[in-house]
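Working notes for the structure below.
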């Protein structure tokens, strides 16, 4: 490429930041699917949604939409972290 | 034009397309055969993954499950999509960085153990073969219904087409045909759904129509459906069973499907075909976009089909003085599907009408009493016919029915090819190249790879012709094994150095044995009927957990055993620790 030296990379710091991001995303992943859709559905029963309650929507569609947002957020966030810690691909 | 010729054009045209792609995308090296040269664009791979993943079960059975189980079938919707979050965050990028061709190859190298590699190959073959039988029989059924050929003839034609593009093109041929199959599949699934949603709710997007007003009553669709079901004595569509054991089982079942999805080798190897680590993360997102187009539509298809069936049989509604449909007025799809034996009815009270309600409850619904019937007369409704018959139920034009035929075939063939790819690469790469003869040349290995693919297709065809008892147990067996064996060792392989060769083997074997024995205890030993010790219901099950939901417990056992055994034995060697460090960062070392 060119003569400028590569920035030093901080692999351990990168991995810690990555694991923190993963745990945050998985907390939301579990909250919408196991939480809102199943275990916490009775707590959401009062919130009406399209002829039924919000928990039913989360179980049939809301979880899937949340999963999509989570994956694209993670891909975007990791590209940023890759550059920040100097571990991005050539 | 005659329906038969329309079906022939749709199916024949799609097959010609797949063969054309096969000729264009031939594989010249093992790199191309196993990983499509690692040059697939993340969006392209996402589309191929969606077709790879959505099987005959997703296409044909899932909407039927939702239609007849309502809320509780959400476990499938969440389970079969939630696994992609785990894949994108915890597996795909690191396995892509490692750069192996197969899943057992990563397990064997990371745990520096031939035993671990062979146990992984065994789990892969059992899970994938169970899965592939359902696809092969699905092709046979679709052929016999839409082209009136024998089941077996249809199966041979389907296998022949897969043979052509999978043996010639390997992963490269499979990838591009899967992209074409996705396009066929997604149109076949959504076009009828759009028509039906317009008919019932006026909303052209089925996923939104599900929560819109039902035009016939002016109330929300789901409210009307719940009312109709209540009038006829059926369980509510949207309500949750408040029994704690039902809630726990649904949670565990969803979790098992999620981690099983993330651990199925035929899905994981798709992420080996993209050029970069960042592409692997992104590609999982695109895969879920393409899957979600179908999965957000499926709940609408289920609810609307249930509504359509009810209003076909009770044309005047289900109020107190309503009358059921006269037998002479039954629509033609009753006759069409009645002859297949998948739909059955009997005029038990001899009044010339077909009364359909739940007669198993303590009291008869008022509408049944008023119409002078004390027994349900729709004696058989196989839920698998729902998607295939849906276009006919909604009286859609015949080209839509032909499209559904080609779509069902595309769903089955694309998944079959992906599974056969996983099986044949495990045989030629992990057994022959990495275990038996490491000095084999690239050219010779490519020969072996083509040979194993041909053999795998032959075995799958034979199993499709003579389906064993376990063919119907895909959800229990394939997802249980993937969840309890492959998923945990992959996660531990990336996220900790501590687990060593002995820990991994002990973990996998205990997860496998626990899960398989638990399934056999409830479904019969080797699925032989009446050899089960416990009833396969929530109430009758050992530990109160149904056998389909046990995979996540097997996974927990795998994790615990692996950590305990690793703690008691020697440390992981330095070069393996370096390997793990290297897998964790995208930049090449």
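Backbone N, Cα and C atoms are what each Cβ position is placed from, and that goes for glycine too.
What TrEMBL says about a protein is an automatic prediction, not a curated fact.
Same-chain neighbours of the transmembrane segment (B:6-25): 143, 146-147, 157, 161, 164-165, 168-169, 172-173, 175-177, 180-181, 184, 398-399, 401-403, 405-406, 409-410, 413, counting only residues six or more beyond its ends whose CB sits under 8 Å from a CB of the stretch. The transmembrane segment annotation in TrEMBL covers B:6-25 (among others).
Long-range contacts of the transmembrane segment (B:74-95) within its own chain (CB-CB distance under 8 A, at least 6 residues past either end) are made by residues 53, 58, 62, 65-66, 103, 106, 250, 253-262, 267-268, 271-272, 277-278, 280-281, 283-285, 287-288, 291-292, 295, 298-299, 487, 490-491, 494-495, 583-584, 586. Positions annotated as transmembrane segment by TrEMBL: B:74-95 (among others).
Residues annotated as transmembrane segment in TrEMBL: B:116-133 (among others).
Beyond the ends of the transmembrane segment (B:153-170), by six or more residues, the same chain brings 15, 18-19, 21-23, 25-27, 32-34, 36, 136-137, 139-144, 147, 176-177, 409, 412-413, 416-417, 420-421, 424, 449-450, 453-454, 457, 460-461, 464-465 to within a C-beta distance below 8 angstroms of the stretch. Residues or ranges marked as transmembrane segment in TrEMBL: B:153-170 (among others).
According to TrEMBL, the transmembrane segment annotation covers B:182-200 (among others). Here the transmembrane segment (B:182-200) has Cβ contacts under 8 Å with residues 14, 47-48, 50-51, 54, 59, 206, 209-210, 214-216, 221, 290, 293-294, 297, 300-301, 304-305, 307-308, 387, 390-391, 394, 396, 400, 403-408, 410-411, 414 of the same chain, all six or more residues outside its ends.
As annotated by TrEMBL, transmembrane segment applies to B:246-272 (among others).
The transmembrane segment annotation in TrEMBL covers B:284-305 (among others).
Among the features that TrEMBL reports, transmembrane segment is placed at B:399-427 (among others).
Annotation comment: TrEMBL describes B:447-465 (among others) as transmembrane segment. Beyond the transmembrane segment (B:447-465), the same-chain residues lying 6 or more positions past its ends with a Cβ under 8 Å from any Cβ of the stretch are 30, 33-34, 129, 132-133, 136-137, 139-140, 152, 155-156, 159, 162-163, 166-167, 170, 416, 419-421, 423-425, 427-429, 432-433, 440, 471.
Annotated transmembrane segment per TrEMBL: B:471-491 (among others), in sequence order.
Sequence annotations record features per position, and here TrEMBL assigns transmembrane segment to B:503-521 (among others).
Sequence annotations record features per position, and here TrEMBL assigns transmembrane segment to B:541-567 (among others).
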Study note, to complete from the structure: For the transmembrane segment (B:116-133), out of B:246-272, B:399-427, B:541-567, most C-beta pairs under 8 A are with B:399-427
Point to revise | Interface present between the transmembrane segment (B:246-272) and the transmembrane segment (B:399-427) (three or more C-beta pairs under 8 A) | key: yes
**Study point:** Cβ-based contact of the transmembrane segment (B:246-272) with the transmembrane segment (B:471-491), 3 or more pairs under 8 Å
**Key:** yes
Study note, to complete from the structure: Sequence-distant residues near the transmembrane segment (B:503-521) by C-beta distance (under 8 Å, 6 or more away from its ends) are 107, 110-111, 113, 115-116, 119-120, 123, 473, 476-477, 480-481, 483-485, 488-489, 492-493, 527, 532-534, 542, 547, 550-551, 553-555, 557-559, 561-566, 569
Check your understanding: For the transmembrane segment (B:471-491) against the transmembrane segment (B:284-305), do we get 3 or more Cβ-Cβ pairs below 8 Å once near-sequence pairs (under 6 apart) are dropped?
Key -> no
Check your understanding: Against which stretches of its own chain does the transmembrane segment (B:541-567) lie, if we need a Cβ under 8 Å and a gap of at least six residues from its ends?
Key -> 245, 248-249, 252-253, 255-256, 259-260, 475-476, 479-485, 487-489, 492, 498-500, 502-504, 506-508, 510-512, 514-515, 518-519, 521-523, 533-535
